[in-house]
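What TrEMBL records for this protein:
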- 39, 64, 65, 66, 89, 90, 117, 118, 132, 199: S-adenosyl-L-methionine binding site (BINDING)
- 62-158: domain 'Methyltransferase' (DOMAIN)
Ligand SMILES: Nc1ncnc2c1ncn2[C@@H]1O[C@H](C[S@+](CC[C@H]([NH3+])C(=O)[O-])CC(=O)[O-])[C@@H](O)[C@H]1O
Ligand SMILES: O=C(O)C(=O)Cc1ccccc1
């Protein structure tokens, strides 16, 4: 049964930083669907890009996999021999539930599910790497090194799909996009209190970059082709090909 997200519904006295504990893991499908505009379209497109970019006898990575939604879509669309998927998350609660979730589907594709920090991971022989709303939670000082490791582990022609919450470089547009995102949350049944408490809890934890910062960094690291392929309000997804 799918549980509904009420995590921030009642007033919280000492509101701490947002973390991916068992309470969040239990309601995660509902939380992400009601909080991230375009999430299900992005998951579908990850499957479509897997079909196009997977190379035979390579690895596909889902970094910050949560319950494995992107992993499942990659697995369903994989059409090359000798591939395996490496799905990684550093939340024990997420990995435990991802294991059950992925076991519910029948598939011939091998999935290695790891409880680990993606900053400590060696990426090798990769044709597809997915960072679906994960880089935004990584310490900004470590982002370039992580993306450099991904670039080094990708084969020529390999792809990175990078989905993120963005900050706009234009203050007025930035405010507009944040307001529109809050409208989206209201329309999905979140109260003012839920919206404001979660916003506070995320402040020190989710630090968004601008699309321009992302593009410049990916280009600097050597990616040959970089662009946004989807954006809705302050959420979107970029594609970077080696
Ligand atoms: N250093 C880290 N190492 C490993 N995992 C991490 C790290 N930091 C955060 N995470 C993990 O990154 C995930 C981010 S959620 C991804 C959704 C998923 N991709 C989806 O397609 O459904 C996005 C969101 O909640 O907005 C969480 O599961 C964290 O535990
Ligand atoms: O809810 C938000 O404001 C977000 O930015 C998206 C999100 C979704 C799930 C966990 C953390 C953040």
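For all residues, glycine too, the Cβ spot is worked out from N, Cα and C.
Feature map: annotations from TrEMBL on the structure.
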residue: 39; record: S-adenosyl-L-methionine binding site; DSSP (3 states): helix
residue: 65; record: S-adenosyl-L-methionine binding site; DSSP (3 states): coil
residue: 89; record: S-adenosyl-L-methionine binding site; DSSP (3 states): strand
residue: 117; record: S-adenosyl-L-methionine binding site; DSSP (3 states): coil
residue: 132; record: S-adenosyl-L-methionine binding site; DSSP (3 states): strand
Margin query: Is it possible to get the count of other C-beta atoms within 10 angstroms of the C-beta of residue 117 (S-adenosyl-L-methionine binding site)?
Written below: 13
Checklist line | S-adenosyl-L-methionine site span - longest C-alpha distance across 39, 64, 65, 66, 89, 90, 117, 118, 132, 199, in Å | finding: 25
Check: What is the total of other Cβ atoms whose distance to the Cβ of residue 39 (S-adenosyl-L-methionine binding site) is within 10 Å?
Finding: 20
Notebook entry, point to check: So for residue 89 (S-adenosyl-L-methionine binding site), how many other CB atoms are inside 10 Å of its CB?
Noted result: 27
Notebook entry, point to check: Going along the chain, which residues six or more apart from residue 65 (S-adenosyl-L-methionine binding site) have their CB under 8 A from its CB?
Noted result: 71, 87, 88, 89, 94, 98, 113
Margin query: Return the average pLDDT for the domain 'Methyltransferase' (62-158) as a whole number.
Written below: 98
